[in-house]
Structure formats: C-alpha cells, structure tokens
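Novice: Annotation comment: TrEMBL describes 43-149, 150-264, 265-375, 376-480, 500-591 as domain 'Cadherin'. Marked as transmembrane segment by TrEMBL: 599-622.
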Amino acid sequence: SRPHIKISVGLLLNQVTQSDLNPAVLHPWRHKSAGPQVRVKRDWIIPPIRVSENSKQVPEDLVQIKSDKVFTGEVIYMLEGPGVDQDPKGLFEIDEKTGWIKSKMPLDREKHKSFKLKAFALSPSGERLESPTTIEIYVLDQNDHRPEFTQKEFIGTIPEFSVPGTSVMQVTAIDSDDPMTENAALSYFIVEQESIPPHSINKTMFGINNKTGVIYTRDVGLDRDVVQSFKLTLQVADMSGMGLTATGRAIIHISDINNHAPKFHPTTYNINAMENKYIAELGRVNATDKDQKGGDNWRIKYTIVNPSGHFAIRTDSVSNQGIISVVKPLDYESQAEYRLIVKAENEVRLKSPYEQIHSATVTVRVMNENEAPVFYKNPIKVTVAESIVPGTVLVSDIAHDPDNAKLRFEIIQDPENWLAINHGTGQITARRSFNIRSPHVRNNIYSAIVKVIDQDAGGISATATLEVNLWETNDYPPVLIPLSGTVCSDRDRDKLGLLLSAVDEDMSPQADPFTFYIADQIVAANWTIITLNETHAVLQPLIDIEKGEFSIPVVVSDSGSPSLSSNALVNVTVCPCDSFGDCKSYTAAIFGTKMGISFIALMIIMGCIALLLLLLVLAVAVKGCTRQNIRKGRGLLVGASDDDIRDNVFHYDEQGGGEEDEDAFNIDFLRNPSDMVPAPASFFPQDCGLPRGKQPLRKDAPYNLPSPTYPRKPPGDPTDIENFINVGLDAADNDPNVPPYDTALIYDYEGDGSVAGSLSSIASMGSDGDQDYDYLNDWGPRFKKLANMYDPR
C-alpha cells in the first residue's frame, strides 16, 4: 500500500477549531464496493497556510505533518526552501520528532508575499519514507503603510478664461500595502487653495476626482491679468479615505491667450530724413500689449500700409518697438514729404472679439541736400559711320542736375582725340573722321569718358562712358594683284591662266566679294575672266594667241555701298609651256638658247656639284700627304705658296725629344721663300689629290689689284660644266679684293719676308754661327721676346 501524510493544523488567529487540528486520514486507494475494482493512486492536496504579517506571537506553530506509513522505528522530519535554508534564512523551522512547522520571527508582506517549502519524512538511516510534500505559506496584509504622492510638487497649466470642467492635470499616489485589499484603496482631496498674488480670487476655482486624482476647473473667472497662479494643498488617504493619510502640493499656472490687441502710444509721429541715403533706422514707433511679456501673444508685427517702395519696418525683439528704415533713397525734388500709416498686430491671431487693430500716422519730411549731376544714360551709346563728317553732332542733352545747378562738361579720356564737347551744353561732336582700324577701337566700339561738374557745389561731379559704335564705310577701292604674269599659249591649257586677286583696306561688308571684268571690249573679244570665288578670278585667252607681251585693262570693284572700283593694266606674257605647265621662255632665260637640257639633266649637274663640294670638304680635313708639304704651307686644293705658312708654330717651351720630321730641309729655301720657283705639278704625289694650276695669292689683306674676269655665260654644252666651274674657282682664288682679308685669323702666319718657315727648321739646320736671327726683330711686337732670346747683343 502507498503511504500517506497526516496533516494537523494548529489554531490560527483563534479561528481554527479543535476538530480542525486533527483532520481525518484520507485513503484514496480504497475500493467503494466488494467487487473487483481498479485502484486509483493520488496524493493529498494540502491547502496554503496563511500567516498574518507583523505577528507578535513568535515563535508560533503553523502546521504539523505526520507520516501514516507503518514503521517500527523513529521518523525524522525535515524542511527546506526560502525562509529555512535559503534567503531569507531563519524565518521558519520544523520539529524533527513531532513534525510541527513554526515561524521564528514576524513576517513582512511588503518584502515577501509567500513562501514555498518542501517537507521530508526520513528514517534514522536517512532513507526517504515519503515523497517530498510542498507546503505554501501566504503572508496576510495589514494596513501598515501610508500612501505617498509620486511627486513632491505637481505643476500644471490652464489657459485663462477656460470653461468649468476643463481638465488641468492628474496627481498620483502609491501605497505599499496589498492593492487587492482596502489597505491600498486611495482617495484624493483638495484641502486648501491659495491664489498668486494672494487673495486675488476667493472662490474655489478647482476640484479633484477622488478616485483618479484629476484636477479640473470648477468656476469661471480665470483671468491672467488678475491672477497668475494657484497653489493647492492635496491629501490622499487609504481605506477609501478612512485610513492612513498623506499630503502634497500642486501649482497651477494660468497661461496667456491673445485677448489684448497692441495699442500705439502716441498715435502720431514726425520724422526727418535726408535725401539720397539708405537709412537703417529712420525712427521708431511704440505700441504696447497687455498680454504676457515675451510670449507670442505679446510680440507685435508692424506693417506700413502705403510704403511707396521707399520705407520698411521691422520689430525690435527686446523692446517690441517698430523700427522704420529707408530702403530706397528719397528725392527731395520729387517728393518732399511722405505720410505713412503703420498698423500693429500680434503674430498670433487675436481671440477677443472686442479688440480691434490699431494704427498710427508717421509723417516723414525729406531734407534737401546738394546732389551730384546725373547722366540720363550710362553708358552713352552712339552709332555712326567711320567716315563721319567733322563737326557732326553725335549726342546732346546727356546729363542734368537735380538741384538745377549750373553744369560744366568735359571729355577726360579720348585716346584718338576724335571728339569735341560743348562745355556748357554737353553736346558732343566729331572733331574728325573716325578710323575703324584704330587700335583703340575694339569690336567696332570706340570708348571715351565724359565728366560733368556741378559748378555751384564745390566741384561735385559724375562720369559716364561714351561708346561710339562705328560701322564700316567704303573708303578704299580694291587694288588688283598681280599686275604681271605668264599664260600658256597651248590651247589644251585653257584651264590654266593668270590668277587674279584684289586687296581692299576696308572690312566686310565693304570689301569682298570682288567683281573682275575687262574694261576694253575689243580686248574682251580675245580674253576672258572667270570668277573662282569671292576674292579670286582667272584671266584666260579665248583664242589661240601667239606668244608675246600683252597689256589687258582689268577693272576690279568691291561690294561696298556705294561700290568702288579701280583700273589696272595687267602685263601678260604668252609663251609655250613644258610638260609641267611652266613657260619655256623662262628656262631659256636661265640656261641660254643653246643649252637645251632637260630638268632631269639639270638635277644631275647640281648633284655633281654637290659631290665636288663634299670632296672639297674632305680634302680640307686631310692634314696632308707628307709633313714636308704641310710645313711649307702648301694648300691641298688651291696649290702651295711659299708665303702661306700655317699651323707650323707649336709649343715654344718644347725641348728635347728630337724632331718629328726627320727629313732634311734646305735652309736656303726657308730664308728666301719669295725667290722660290713654284714646284712643278709633278712635285705633288698622285695620291694626294691636289689640284693643278696657279698658286693663290695671300688673302689676309687687300692688294688693290684689278679683279679677275669671271665667266659671263655658262657653256652651252653640258660636258664643259666642269671647266666652267674650275675657271670660276680659280678666278675667285686669285681675286685680291674679296674677304676674308678683314677677318680675325689664327697667328699661324709669321709675317711677310720670313727667311725661316718654322722654328724647328731653324733649330735643326746648321749651327748658331751660320744663322742670322736679325729677321726676328722684323716679325713685330708679338715676337719681341723671341727676338731678344736670339739677339747676340
């Protein structure tokens, strides 16, 4: 059989009877009849144990548990859970032998509302005799806490003149007691009402809902001009108003509404203003508003009813005054006085039907001052022809003085001095004709600066720009070009001719397109002009014309208005042309009548000349075939000369080492080079490539000799070209009157009459006794030191 726990309950608050302490033992597994039945197993359901909080009878027996299982030994009871061996510890305990559960100290429901414990029945050996039993203990509430308001001071706002019943705000309070009991049933009350300022209103203006705590208006008459705030003393009580109480405070402010219109004080204003000035603050107007200062209902918006575009008004955010300003300069001569109507209203719509919008009158008197002259237009624009007649009026009546003062006009900038002005009236005329091609004319506009001076106001002045827009006139006739040329006489060359054009100093549209035509009708029967484009035409013969010279009268006219034209005689040479379209007569003029060579042959000849010049440069670069020829100063192509000693003076301080050239020299030849006979042609080796012919003269200075005769006419036979070139070269080499006699030369020539070709020759030939060094004194100041070295004295 399944064991059961026997539970007995002690007296709780003197409400439990003696029979309740020993409840009957339940046997849920017993059968209801003698017949066979199915046994159903179930446990006892133990009801919760209720214990009052703050009980002073401690320790107190709460409940006893017993096991009804047949057991010969001793049964030990144990208890565990919150309040026993778990936090909060030490609130409950159990008697191990009897099974009584006791409370050890008073309980607080606000801290722990209930406890859930487990009881065990064990044998002395620790074996469980029963399954664990759950015991719940509920703590019963007592009214031991006062209610408390959630705020120390509640603040609310209500617009003035609100109707009764308007909700203001809600106050709240809390009670720590059980909310399911009367201990936490709260009621709200208004204990006292105080107005600010004090005693402004004596009647009760507010009420409160006892259950919800909502404060509302009870009466009319909330005028912020009379009272600004209310201070209410509140009370809350539990037990539905019969229990513990607490007090609080509520402040209710009366908010402003726009029930007052701003009013001007005073309503008329007189202000003076200087003309021709922008004035940020001309004057102020004052209006007051009885609504709350600084609020939207207090701020004033000013409006000028008839501003006329000259005035504006704005609000001073601090003083709430209206500031009038001049946004468009005033003119005393136009209007000396302005009468303004200024309105004042709030930014927020007015809610009082009894208030109206107020206005004020502002009279502005304009103060006159001497003003500068004013041009009617700036810039002053005029359009005229460049060929304007001097004295023509360009513009007049260009400026005036607002004060009707006497004016003087001047032109202070006129780069070309084209303009004249009447100093009294300002009338501007042309001094001379204009030129559109002037560097001071840009985009066909000539600019000048005009100045007007107020003579009655100490020189107050103004300036303006005069822009003269020039349009081109037909001043110049076109000029025909070219005035001479050649035309092929071949008939199959009719597409060729003399290309004509024209030059016109005018600009478009007074220049091109040009028109070309032949002035003489008789000549026009044989010749024609074909227009190619706007600027060019071709002069061609209409018939076969014999070669020769012809003068064609041609007229060319422009497209100006009126059109201008010019006549010219075009000299045309008619000649047969070659395959390239070139006139053959020009070729004959260059090469002669008997030459008869083609263009290809001419190119071959020119190539040969270039090759000869290249060989000439290479030959000059060669130092010589032998040292003997070099030291004697002989040229490579133009022959040798005894007087032409070059590149033979080397380092004067060179000593020892022997001579580079070991060939013997005849010192007699060096001493008298003028007596030497020119070497025959056979003297030069064949492999030197030196030319034959006459030795060239010195070219360091002019000899004032007659120039040689140059060939006047090229040979007709191409085979004689080489001889023709050689003759010309020889004549040029022997011409004493050509450069470079006046050019700077290197001192490789030691002067005329030197008996020695080089110093090395002097040192290597003979003894000092056989040598005469007096000639060194004749070499000039450049070799003075050398002469002193060999001076025996």
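Every residue, even glycine, has its Cβ placed from backbone N, Cα and C.
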Novice: Could you tell me how many residues in the domain 'Cadherin' (376-480) are helical, how many are strand and how many are coil under DSSP?
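Specialist: Summed by class, the stretch gives 0 helix, 50 strand, 55 coil.
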Novice: What is the three-state DSSP composition of the domain 'Cadherin' (500-591), stated as helix, strand and coil residue counts?
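Specialist: The domain 'Cadherin' (500-591) comes out at 12 helix, 42 strand, 38 coil.
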Novice: Work out, from DSSP, the number of helix, strand and coil residues along the domain 'Cadherin' (150-264).
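Specialist: Secondary-structure composition of the domain 'Cadherin' (150-264): 6 helix, 52 strand, 57 coil.
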Novice: Over the span of the domain 'Cadherin' (265-375), count residues by DSSP class, listing helix, strand and coil in order.
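Specialist: When I sort the residues of the domain 'Cadherin' (265-375) into the three classes, I find 0 helix, 53 strand, 58 coil.
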Novice: What are the helix, strand and coil residue counts for the domain 'Cadherin' (43-149) according to DSSP?
Specialist: 0 helix, 46 strand, 61 coil
